[in-house]
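Lifted from TrEMBL, the feature list:
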- 1-27: signal peptide (SIGNAL)
- C38-C121: disulfide bond (DISULFID)
- R65: site 'Transition state stabilizer' (SITE)
- H69: active site, proton acceptor (ACT_SITE)
- D70, V73, G75, D77, S79, E91: Ca(2+) 1 binding site (BINDING)
- C71-C76: disulfide bond (DISULFID)
- P169: substrate binding site (BINDING)
- H199: heme b binding site (BINDING)
- T200, D251, T254, D259: Ca(2+) 2 binding site (BINDING)
- C206-C238: disulfide bond (DISULFID)
Amino acid sequence: MAAPHLHLLLVLSLALSLCLFPDTARAQLRQNYYASSCPRVESIVRGVVQNKIKQTFVTIPATLRLFFHDCFVQGCDASVIVASTATNKAEKDHSDNLSLAGDGFDTVIKAKAAVDATPGCRNKVSCADILAIATRDVIALSGGPSYPVELGRLDGLSSTAASVNGKLPQPTFTLNQLTGMFAANGLTQTDMIALSAAHTLGFSHCSKFANRIYSFSSQRAIDPTLNSTYARTLQSMCPRNVDPRIAINMDPNTPRTFDNMYYKNLIQGMGLFTSDQVLFHRLQVQAHC
């Protein structure tokens, strides 16, 4: 039997490849969707992604997180990219999306421009498909699995901040809350655990986990499930009243590599968020199956 983390990476590959979210599942996706209309679309997007990564590593976690935040709200339709207007507050300006790094948006915008500049491709490829391709590429280019992307998504015609309410998991979620939210998107606990491995890349602002290191409960200042040494390290990096712009790596060991360190960190009590650590019990159960 394959090691648990390898199995979970395969599930991650499958979940992202099929993009198992309600609106997308009805879209009749297929590989080589643009074979006749824009046959080089994947190589064009990959070239843009590679150049973006050379400019800044933030491109990788920013694109990956952007894809997740897009898919969990109205399906993978790129509606999270739509700008607000004087009469409409769009998804990207919801409080849960304000921390999305600009490099994710920039990756899609630049890739779309490059695709549209290619003869025969103008206005043929959706931003939703470009984001899906770019997400696969940032995973592969940071050491993770590569996988075929099924294409044919349509760009969303509606984007409202109100549509985000209650659709995205929070750092403080319990296992039941996480399971319910992922189930609402057609994803199992196995899918949830695999997709959570994306926390092996990127960073988080101190405010997202401050309660775990300063005010966990009336009896304990520090969350007892948190590794004590790691907790002290977090306190030194995120002192009380820290600048809200300060952020730290979610994976303290290999923050720039898409690997299985996320799971190893959980075993050591080094999951940064409550929502990460509550998965550990489930991961233990899976490991013995």
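Just so you know, glycine gets a Cβ as well, placed from its N, Cα and C.
Whatever TrEMBL says is automated annotation, not expert-curated.
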Including all protein chains shown, what's the count of other C-beta atoms within 10 A of the C-beta of G75 (Ca(2+) 1 binding site)? 22
Here are some recorded positions: C38, V73, C121. Which one has the most Cβ atoms within 10 Å of its Cβ? V73
Sparsest-packed of the listed binding-site residues (D70, D77, E91, D251, D259) - C-beta count within 10 angstroms: D259
For the Ca(2+) 1 site built from D70, V73, G75, D77, S79, E91, further residues of that chain with CB within 8 A of the site's CB center: C71, Q74, C76, A78, V80, G156, S159, S163
In whole Å, how far does the CA atom of R65 (site 'Transition state stabilizer') lie from that of T200 (Ca(2+) 2 binding site)? 12
With every protein chain in view, what's the tally of Cβ atoms within 10 Å of the Cβ of C76 (disulfide bond), excluding that atom itself? 29
Measure from the CA atom of S79 (Ca(2+) 1 binding site) to the CA atom of P169 (substrate binding site) and give the result in Å, rounded to a whole number. 18
Apart from the site residues T200, D251, T254, D259, the 8 Å Cβ neighbourhood of the Ca(2+) 2 centroid comprises L201, N253, P255, R256, T257, F258, N260, M261, Y262, N265
